[in-house]
Amino acid sequence: MKLSRRSFMKANAVAAAAAAAGLSVPGVARAVVGQQEAIKWDKAPCRFCGTGCGVLVGTQQGRVVACQGDPDAPVNRGLNCIKGYFLPKIMYGKDRLTQPLLRMKNGKYDKEGEFTPITWDQAFDVMEEKFKTALKEKGPESIGMFGSGQWTIWEGYAASKLFKAGFRSNNIDPNARHCMASAVVGFMRTFGMDEPMGCYDDIEQADAFVLWGANMAEMHPILWSRITNRRLSNQNVTVAVLSTYQHRSFELADNGIIFTPQSDLVILNYIANYIIQNNAINQDFFSKHVNLRKGATDIGYGLRPTHPLEKAAKNPGSDASEPMSFEDYKAFVAEYTLEKTAEMTGVPKDQLEQLAQLYADPNKKVISYWTMGFNQHTRGVWANNLVYNLHLLTGKISQPGCGPFSLTGQPSACGTAREVGTFAHRLPADMVVTNEKHRDICEKKWNIPSGTIPAKIGLHAVAQDRALKDGKLNVYWTMCTNNMQAGPNINEERMPGWRDPRNFIIVSDPYPTVSALAADLILPTAMWVEKEGAYGNAERRTQFWRQQVQAPGEAKSDLWQLVQFSRRFKTEEVWPEELLAKKPELRGKTLYEVLYATPEVSKFPVSELAEDQLNDESRELGFYLQKGLFEEYAWFGRGHGHDLAPFDDYHKARGLRWPVVNGKETQWRYSEGNDPYVKAGEGYKFYGKPDGKAVIFALPFEPAAEAPDEEYDLWLSTGRVLEHWHTGSMTRRVPELHRAFPEAVLFIHPLDAKARDLRRGDKVKVVSRRGEVISIVETRGRNRPPQGLVYMPFFDAAQLVNKLTLDATDPLSKETDFKKCAVKLEKV
């Protein structure tokens, strides 16, 4: 495709900006100089965060050589963040894996052996032997999978089918457990359905933005650019930012609030009290569309049952609640006075009042945004519920320019982990394994015997680590994630299980990550546009892309790996006789035939692909695998408020926001005139609940699982930086991004550094009760912690900060709190 004049000018502008910054943009600038005809362009969503920016990918001679923002993409409108401009280089690191590697000694597998190249058949041989042995000796609960919010939609769907229907094990969980699980449970408790009701179009219509534990300037920079434009172009627009430390988003804030860790719960209840005391309740909305419930308290911290905190909890893991009156709710929040809140949070009273006034003002359209500050929290579900309370009390929800919005961090945490249902307790379209009706729906659609899908919830992410350590989980396959670096409490709860000789660990990844190097078998994986894919972003937008280049060497997509491995198992080897007796026609068939090469999935011929269109999996199998899997999966949500468009529509569009009914996407759910599931005259209907009403929960402040004391005297918070994404397995292989932020540092208040005889640039040992790492003191820069708190990013494999973190989780969502543990510092 030729570059248009608009694209030419945009490319040169990008090149000029990059030159000014001392960077070299891969492709776009070079594409406009003498090679316009040679480069082929096609659309794709960005490989990084959950914003879902659209990019144009330029390929030449079988390689991705260029990338630019897609001017027709409604999310980013042609703009990329710094990571997006370097997308081509993530695929071509010098250490890209191109063949399977098995730990071997003397020509055979050995847990202590060296990684040795083998063939795919040899890799599947050893995997088959390990899986079959575990299934025969200990049953389905002895095998597990850890997947990803970076899986494509059909990869997650194929994995879920293989484990839940094929192997009859619900021990499959995504890394989204570490980032979005609290948001999921929060949505389900309050609304009965997952995912936001609003969309990014709210930004241009809002009067106020409140960020709760979200550094959008670095983590969602394209959305932040839209918020910045809205704020700077309208003097009446207000931005409030709440965090436990000062970061780049504070630069735009009219009200920048730094609070004591965990005390966001106090602030949320104070605002609810303020709304009530100032008669700011939207009485019409509240009386028609809201119920009130009091939640169980003292629910523990998701630690091992033997931990003292779990033994002391009165209602460990309880999500119980009971109806309550408005007067009781009013009395409950009345305890959270301005004075008490200021004392508990350390926030000045005037700042608290300014914040509360935004929500209480009936003429202010308010959007609440949050990410990991809320979700990675031992009371993360409660925090989600409590922010919904503010919008439900005021009726500021499901309308243009106002509403609560949970931002996601991975490109398909919504589309794959949540919507497909790759969590240990979920099935497609918000269905769950504990519901017999839901299991029956899936079993009938998949044409498998009734009773195949287990009713017992499988092991969640942290429980998988513990089960590996305890020898209960023995074969473990991780895909598209680097949990040995990203997960909590590496020393005590993860590494022991991975290196236990009783266990066999498989890692599928494009690069030799910390996880891969700790495994027994490494499978080289195709990435991004080396396969056909689909992601679902934070605003319910499903986006497709075509395969545009082939993977290097013998690297294969996660989808190929799952489907081909399923050929190794016949139904008699994985299902008991009582199940086979219900469907005798399935005897002797492989799981490939039962799950993937079915009449339902294989009915779309490969001839639907253009003659020159790459699609390695479908051309090898002889049918359009991705289309078949997607259409089967989409069936579950159609007619139930999760409607997805037909497969072919997505290749033509720049994404569509579900529910898509009669060809029309939905911008705002639950409100009349916007949502096709809300009838005329209903006004609002939260149809995830049987009575159509959302729930306001009374939930108190409860302390963190671990706080500073005399010995471990500092809070530690962990997170990300703009230049790197998660564990840096892709971005650190981009030279320009690596040079921009080459190693992790410990951000610390200058007075805390001085008190410990530390200076900027000094090496420092950071020590918790679980481990220690060496880092570099940073008293300046983008992050400015208050006294008593230090901040450290987790992208650096040489500084595994998660050796320090505690594996405490929200007891309801099972999501880890990476934001709060206690450490001490020692000068090196």
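Each residue, glycine too, has its Cβ placed from N, Cα and C.
What Swiss-Prot records for this protein:
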type: SIGNAL; residues: 1-31; note: signal peptide
type: DOMAIN; residues: 39-95; note: domain '4Fe-4S Mo/W bis-MGD-type'
type: BINDING; residues: Cys46, Cys49, Cys53, Cys81; note: [4Fe-4S] cluster binding site
type: BINDING; residues: Lys83, Gln150, Asn175, Cys179, 212-219, 243-247, 262-264, Met372, Gln376, Asn482, 508-509, Lys531, Asp558, 718-727, Asn802, Lys819; note: Mo-bis(molybdopterin guanine dinucleotide) binding site
type: BINDING; residues: Phe794; note: substrate binding site
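Here the features listed in Swiss-Prot are placed on the structure.
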residue : record                                                  : Cβ within 10 Å
Cys46   : [4Fe-4S] cluster binding site                           : 28
Cys53   : [4Fe-4S] cluster binding site                           : 29
Lys83   : Mo-bis(molybdopterin guanine dinucleotide) binding site : 22
Gly213  : Mo-bis(molybdopterin guanine dinucleotide) binding site : 24
Gln246  : Mo-bis(molybdopterin guanine dinucleotide) binding site : 20
Met372  : Mo-bis(molybdopterin guanine dinucleotide) binding site : 26
Lys531  : Mo-bis(molybdopterin guanine dinucleotide) binding site : 29
Val721  : Mo-bis(molybdopterin guanine dinucleotide) binding site : 24
His726  : Mo-bis(molybdopterin guanine dinucleotide) binding site : 23
Phe794  : substrate binding site                                  : 22
Per-state residue totals over the domain '4Fe-4S Mo/W bis-MGD-type' (39-95) - DSSP helix, strand, coil: 9 helix, 20 strand, 28 coil
Which binding-site residues sit within 10 Å of Cys81 ([4Fe-4S] cluster binding site) - Cα, from Gly213, Glu218, Lys531: Glu218
Glu218, Gln246, Lys531, Val721, His726 screened against the residue listed as 'substrate binding site', Cα within 10 Å - retained binding-site residues: Val721, His726
Rounded Cα separation (Å) that holds between Met372 (Mo-bis(molybdopterin guanine dinucleotide) binding site) and Cys49 ([4Fe-4S] cluster binding site): 13
Minimum Cα separation from Gln246 (Mo-bis(molybdopterin guanine dinucleotide) binding site), reported as the residue among binding-site residues Cys46, Cys49, Cys53 that achieves it: Cys49
Position of peak Cβ density within 10 Å, selected from the binding-site residues Cys49, Cys81: Cys49
List of residues, in chain order, with Cβ under 8 A from that of Glu218 (Mo-bis(molybdopterin guanine dinucleotide) binding site) and at least 6 apart: His247, Arg248, Ser249, Arg720, Val721, Leu722, Arg782
Candidates Cys46, Cys49, Cys53 (binding-site residues) - the one closest to His726 (Mo-bis(molybdopterin guanine dinucleotide) binding site) by CA: Cys49
Additional residues surrounding [4Fe-4S] cluster, by Cβ distance to the Cys46, Cys49, Cys53, Cys81 centre under 8 Å: Phe48, Thr51, Gly52, Asn76, Asn80, Lys83, Gly84, Pro221, Ile222
Distance, Lys83 (Mo-bis(molybdopterin guanine dinucleotide) binding site) to Cys49 ([4Fe-4S] cluster binding site) (CA atoms, angstrom): 10
Between Cys53 ([4Fe-4S] cluster binding site) and Lys83 (Mo-bis(molybdopterin guanine dinucleotide) binding site), the C-alpha gap once rounded to whole angstrom: 11
Alpha-carbon distance [Cys46 ([4Fe-4S] cluster binding site); Gly213 (Mo-bis(molybdopterin guanine dinucleotide) binding site)] in Å: 24
Rounded Cα-Cα span from Cys46 ([4Fe-4S] cluster binding site) to Lys83 (Mo-bis(molybdopterin guanine dinucleotide) binding site), Å: 9
Local confidence of the domain '4Fe-4S Mo/W bis-MGD-type' (39-95) - pLDDT mean: 97
Between Lys531 (Mo-bis(molybdopterin guanine dinucleotide) binding site) and Cys46 ([4Fe-4S] cluster binding site), the C-alpha gap once rounded to whole angstrom: 14
